[in-house]
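According to TrEMBL, the protein carries these features:
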{"type": "TRANSMEM", "residues": "20-39", "note": "transmembrane segment"}
{"type": "TRANSMEM", "residues": "51-71", "note": "transmembrane segment"}
{"type": "TRANSMEM", "residues": "91-110", "note": "transmembrane segment"}
{"type": "TRANSMEM", "residues": "177-196", "note": "transmembrane segment"}
{"type": "TRANSMEM", "residues": "202-225", "note": "transmembrane segment"}
{"type": "TRANSMEM", "residues": "246-271", "note": "transmembrane segment"}
Amino acid sequence: LFDGVYPFYVQQRKVSVFDVSTIIVIVVFLTFACSFLLIIPGIRGRARLYWTLRVLLSLVMGAVIVAVQFTGDWETGWVKVNTSYKSFSHVLVNVDVGLHVGLAGVNVTLMGNPVNQVNETIDYNEHFAWSFNADYDHSYSEGLERGLPSPILYVAEKFTTQSPCNMHRQYRISSHYASATLWVAFCTWLISNMLFSMPVLVYGGYMLLVTGAFMIFSLLSFSTVRNSLMCPMQFGTAVLHISYGGSFWLTLAIGLLCFVAGIAVVALHYFNLDLLKTFFDLHEDKAEEDQEMTEVYVNPHFVNKGL
């Protein structure tokens, strides 16, 4: 005991889906959006609506590309079970066991029904990182030393390098390449915004298509974990099944949105360039375009000489 309390949590817990990095990303992009909304009244006419649609849509794309790097719900699963709570104990507890898989690691959640059972508060969440600068097996060993509940250790053990399931290597490599392609997508998103600010709109549309392609590539990379055999996570007769979570589907939706926006820009460039320039507020003023010289001053000296 540690001051009369089981020392399960010496360090700070990590939230299963959102963490500090995700909140920072959201706050940064919300700051950009609010800053733009402050200056939008200075834009006159219909261009105000076009600017609002373009800027907010672009910020949503960028925020999603960055935020999903830090979320923990690319794959999720829950199961309600009656299982043992501690090693060398036959006491059973009714709990919900959750598994949240992200690009940087897994979160295992344990929540009691009710929360207070066996004279303890059963409300746990543990993060086990597998990024290339982290040691998953070391995190698992620390969990053993701290005496984490048996359901958490059972699920976490499936992803260790020593586990016969061999899921650690597949998940780690797939997540690494998915993260790398998303960062490339973020770079192409930045380039597309630069091109849209110049009179080369069609190239901005092409870069949006590239952005969508890299987002789809990241999904394909993460989906390769389905090709490997998944060890069953069984608690008695109940089995913990995992499926694609909110971050996966959100990335797919934004990737398809990039494709739609890119195709629309390229199509308008070839079929209705004036409408495209109007939407991006790059149309030329026809009054200046067709402006003619209304008065001509002639030097009579040259006229008299026949010049």
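A Cβ is built for glycine as well, from the same backbone N, Cα and C atoms used for every other residue.
What TrEMBL says about a protein is an automatic prediction, not a curated fact.
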**Request:** Residue list, the transmembrane segment (20-39) vs rest of chain: Cβ under 8 Å, 6 or more residues beyond ends.
**Result:** 52, 55-56, 59, 62-63, 66-67, 69-71
**Message:** Please report, as numbers and ranges, the same-chain residues at least 6 past the borders of the transmembrane segment (202-225) whose CB is under 8 Å from any CB of it.
**Reply:** 61, 65, 74, 103, 167, 170-171, 174-175, 177-179, 181-182, 184-185, 188-189, 191-196, 248, 251-252, 254-259, 261-266, 269
